[in-house]
Amino acid sequence: MLALSFLELNSTLALNLSWTGLKQRAGLTEAKSGAGVSAEASSVKCKLQGAARLPAFSMDGDYVIGGVFSIHNYMHTVKHNYTTMPEPLRCTGRIDSRELRFSRAMVFAIQEINNSSKLLPGITLGYQIHDSCGSVPMAVRVAFQLSNGLEPVFYTGNNCSQSGMVMGIVGESGSTPSISMSRVIGSFNIPQVSHFATCACLSNKEQYPSFFRTIPSDQFQADALAKLVKHFGWTWIGAVRSDSDYGNNGMASFLDAAQKEGICVEYSESFYRTHPRSKIQRVADVIRRSTAMVVVAFAASGDMKILLEELSREPSPPRQWIGTESWVTNPDMLRFTFCAGAIGFSIQQSVIPGLRDFLLDLPDTKVAASPVLTEFWEDAFNCRLGKSEKVESVCDGTEDIQTLKSPYTDTSQLRITNMVYKAVYAIAHAIHNSACQKTNSTTQCDKHTRVLTQLKKVNFSQNGYDVSFDANGDPVATYELVNWQKSKIGSIEFVTVGHYDASLPVGQEFRINRNLTWVEGSTQVPVSVCTDSCPPGTRKVLQKGKPICCYDCIPCPEGEISNATDSPDCFPCPKEFWPNAERNKCFPKPVEFLSFDEVLGIILAAFSVGGACLAMITAAVFFRHRMSPIVRANNSELSFLLLFSLTLCFLCSLTFMGAPSEWSCMLRHTAFGITFVLCISCVLGKTIVVLMAFKATLPGNNVMKWFGPPQQRMTVVSFTFIQVLICTIWLLLSPPFPMENLTVYKEKIILECALGSAIGFWAVLGYIGLLAVFCFVLAVLARKLPDNFNEAKFITFSMLIFCAVWITFIPAYVSSPGKFTVAVEIFAILASSFGLILCIFAPKCFIILFQPEKNTKKHLMNKN
């Protein structure tokens, strides 16, 4: 509750109400009688000191219901002279036609109850309706006055006047005045039912035990507003509020709910209608300079009117207004056309039969008898009742209230008016159920307690509208979503476009059933964000020193994606998947292996098959000329075996192509190792034969008998068997197997054969290398032996090529990625195989086919 200034507090307490009289009226002090008590003490009189403020409307009855409304918006304050009685506070400013309608609706409801035979039969309800001017001091004064009663002498002896304290109070329209009133009358258990005080703080029954309301708490509206803002994707908003309990508490609830929904607030400004214009201007300038398109206004109607008037003085950028029920359905606000498209929650629209006729039933006598109605009439028709210096300004009786365009006469949007209507009926039902009879033994305090107890239990329907209160004195929260739309004739009108029901399950409370129009008549939902949404494939990174709604959009790192808008994080794809170019989806990684379908595979396969064909053609040439000297001189048996092994070497390279399988992985390495050992064994055998042949020409040397054809065959078989044994052990202990390599390339899968045992693989290669080096050394030793056709020279060249290829192969094999590892291995096989066949057999074939004259024993044995 806003603190009262010292001046206001003195203004309030200047009533000098007899506090002893208050306690006696509440039954807190008993009149003593008997011995020792003087006659003066037995006739105690409690007087209301000071000038009492007359109600705006009143009628006596068996039970009286008080009413407090902000019929005026301003209060005239006076300077105090503490030596004399202060001047009474006076309401100033124009009459609020809407609040006047609320007060008249209360009178209508009481008259309707008095005419009813079902509710309070035989009992007449009276009323005392006061104007609080929307002021806390005046509201407190009225609360004291209603608690004491209006009569100058209201307590005499043991007699209780029925028209003393009221049985219940309807009002006030504002939260802050209602809080002040409740603190005063709550001590006496006088029920207070507000039609328009929505501050969530009033739900605290420990502080406000006698407070009830027919309008939902702002806590529900704050949650609904946060869901509304979130629904339309607005994450960057401005916020303005009344600097009062209603605005401050309501905005605090909204900001808490908005934070949970991920909504950021660019600014939050407070103001009040009594603030200096400079303060209102500053708030208006903040709105004009802001970047937020949406403005949420949690403000009282009177305060909002002042702010919008200030904004209308200078052109302002278009803003989408979101309003609370306090102002968003106030017809007075429709004149601010720049707010067209505003949306907000309001109380459910209703119909009260007979109310319009009652409001329009204002004959001259009734108007003249009421100062408030007189002021309203003169203000509405711009004339004066009675005598006036200006003849043209005197009301001449032609004024017709039926044609008046005013919130007072507008009953097309009865929302808060119905809350007043329901509040009156709620108190009447509580009085009816309490069965409080006129007995001298029942004090007013007891009656108030009974009415208060029964008010907590009321549950009825009136005109089809249910009335009940929960443990906090609040009704079920239901709202309509109202949109300011232009009609066909160009005027702005309220259109209900949706509903909100807090009693429904979570996620189903809010629904929209009609199209909305937005700021400047647009049909597209306006955008109000600090930063545009981050598209999928990026993540949000907060900007330093700014709210969470202000961020930068950073692309996801390699291998990660985000598939949602405004994703705070990126997440990696599964191992077998890789992001697309936009990094918003994961796709299966392409599988890569050396295929027969690709260019590299076709080239290597062609060389492989070509090499095998070349070996077979060479074998055919040798077989065709097997009896020629050059073939016979070069150990035709080993030559044919060598050509056979070379054919297998060329063909084994084909096993390295295609998708690896369990059998192909075991076959490719073992076939390669065995065929190459067979090949090198044959070359080694031929080298040894050359050396032995020349050694055999020396006198007394018969070494050839120790290395004849059987020994040559045994040598080849022995060397080859050792490799077969190595391969067998490798396959038995840890054979090669197919695997998906996910480490070489992040974006694709390499299908390859894992070695199983690296020792086995390098043992196979090492053994081949050992034989090759041994053969190369022997060939070097025999390279200068005299002969026209020295085969040792060609073997030397072939072994030199073979060793060079495989020495180069090792670093190339280790460093080549993916399928190129296999390509390097195939290239090494083909290169070494072509080196052997070309160096060893090409010269011989050339002589056989193109120089047959050299294919003679004489030429071969010639030393020149």
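Glycine is treated like the rest: Cβ placed from N, Cα and C.
The feature domain 'G-protein coupled receptors family 3 profile' is assigned by TrEMBL to 600-864. As annotated by TrEMBL, transmembrane segment applies to 599-623, 638-659, 671-694, 715-733, 759-782, 794-814, 826-850.
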Are there 3 or more C-beta pairs under 8 Å linking the transmembrane segment (826-850) with the transmembrane segment (638-659), counting only pairs at least 6 apart in sequence?
yes
Intrachain residues whose Cβ lies under 8 Å of the transmembrane segment (826-850), provided they are six or more past its termini:
594, 604, 607-608, 611, 614-615, 618, 621-622, 625, 628, 630-631, 634, 639, 642-643, 646, 649-650, 652-653, 656-657, 672, 676, 679, 683, 686, 789, 791, 794-795, 797-798, 801-802, 805-806, 808-809, 812-813
Using Cβ distances below 8 Å and needing 3 or more such pairs, separated by at least 6 in sequence, tell me whether the transmembrane segment (794-814) contacts the transmembrane segment (715-733).
no
Residue list, the transmembrane segment (715-733) vs rest of chain: Cβ under 8 Å, 6 or more residues beyond ends.
638, 641, 666, 669-670, 673-674, 677-678, 680-682, 684-685, 688, 756-757, 760-761, 763-764, 767-768, 771
Overall pLDDT for the domain 'G-protein coupled receptors family 3 profile' (600-864), taken as the rounded mean:
81
